[in-house]
Amino acid sequence: MPHAVLDTARNFLRSFITPRRILVAVSGGSDSMGLLVALHSAIAADERRGFSLAACTVDHALRPQSACEAEDVAAFCAALGIAHRICRWEGAKPSTGIQAAARNKRYELLAEAADALGADCIAIGHTRDDQQETVAMRIARGKGDGAGDGQGEGHGGAGMAASMLYGRRIWVLRPFLGLARAEIRSFLQARGVSWIDDPSNANPAFERVRVRARIATSGGMPTPLGNGRQRAASSARAAALIEKRIRVHEALVAEVSARHAGEIDDPDWRRALLTVASVLGGREHMPAFATVQRLSQFLRSGEPGRMTAGRVVFDRRASGLYLYREARNLPVLAVGPGRQGAWDGRFTVKSRGPAVTVAADASGRLWTKRLIDAGLPAGIAKRGSTVAPEIASTDGAGLAFGEAPAQVEYHIGLYDTFLPGFDRIMADAVAVSFGRDRYPAPPVHDVLIEMET
């Protein structure tokens with residue numbers, strides 16, 4: 001008899017543009033075990049040529065039993081003939097924010113395992129239950145803190161994307177977002193497959209556990225259908241506006257015409273403008289709700305002047321609106337020989353040999369000239385230039401931005417670590433504006449990427 005879990009796995013494999021080697025993240029819990037078993041069965045039964053599986057268990061070393069549980073998963077994979085790797089989170093753990101830190105480390109270790117096992121992408125067993133919890137948490141956080149586009153307008157309601165690019169290099173796919181956990185457990189029970197229940201999933205000290213309990217006692221909550229597609233459509237519209245209305249000069253100054261500067265009440269334009277501002281400011285998140293409210297009032301007024309929001313100066317003049325990083329709290333970064341580092345959340349500096357020091361270019365003469373030549377007012381060019389990085393070798397010799405012995409590339413904090421699939425079009429528009437290549441395309445068809453609910 002057909003089963004929804006197996007059908008979902010088959011449809012997931014059919015969504016690939018070409019067959020791939022898939023790394024399945026397997027904790028030993030029901031969701032990930034169900035994903036592993038379903039994909040293994042689908043590949044075997046349908047004779048999906050060219051597909052293969054590998055698996056990885058991340059041992060966070062937060063519980064005494066975790067090492068044995070990881071070995072149990074390894075034995076299960078061995079019985080199925082699936083290559084498996086255990087990656088352990090070594091070192092000290094933070095005393096606060098442990099779940100967020102564990103999540104970041106988990107993706108880092110999974111990406112390393114994918115490289116080691118020759119996998120092209122990673123599959124994770126997040127379910128509809130996880131999606132409901134995520135939506136509930138993001139909506140709660142969005143009330144008053146500007147989650148999403150800076151107005152609390154429900155980007156959190158889109159939940160987790162069915163695809164996510166990690167670290168600009170490997171796609172993480174979530175094929176089970178439309179399935180309930182109960183369906184997956186029924187599928188496993190029918191096949192006599194057991195799973196591990198992590199006691200931390202019942203610990204009310206964690207926000208997700210508390211949200212899960214509230215959802216259960218309230219009889220469940222609907223996951224808004226189509227929000228991922230709505231988010232993708234909004235991203236596409238915002239991307240078009242970035243391309244048409246915003247000129248980014250030398251990755252230092254963004255220019256907007258006077259005509260469009262005050263149209264902040266258009267949600268797609270607001271999102272486009274705030275996205276570019278966040279990138280210029282080296283931020284990983286959009287501005288907070290209260291900040292956006294003040295900024296919107298300033299832009300609506302049409303009056304010339306300057307306002308700072310999210311480390312970015314919004315400089316409004318008769319000729320247009322100009323955005324640039326404020327000249328405050330600019331760091332000094334030491335980069336060792338052959339190493340790389342992130343400066344000010346905006347630039348990645350890779351040493352090609354000797355150690356270098358990165359600091360703000362106090363004089364900014366080179367960049368002032370370039371920005372003036374690009375048509376910017378002299379005052380704007382000067383202000384934008386003083387926040388450019390200057391690289392000095394250990395012997396103190398100054399080096400021009402991007403010249404040997406260091407390579408400099410713009411860092412896009414909003415997207416370079418985690419890029420949801422439904423934001424890829426906008427992320428590409430931002431990358432091109434800042435002189436970067438587009439992000440890698442996903443291995444599955446776009447029409448299926450966004451089926452996250």
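Cβ coordinates are placed from backbone N, Cα and C, and glycine is handled just like the others.
In Swiss-Prot this protein carries:
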type	residues	note
BINDING	S27, G28, G29, S30, D31, S32	ATP binding site
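Here the features listed in Swiss-Prot are placed on the structure.
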residue	record	Cβ within 10 Å
S27	ATP binding site	23
G28	ATP binding site	21
G29	ATP binding site	18
S30	ATP binding site	23
D31	ATP binding site	23
S32	ATP binding site	24
Shell list (ATP; ref centroid = CB of S27, G28, G29, S30, D31, S32; cutoff 8 A): V26, M33, G34, G125, W195, I196
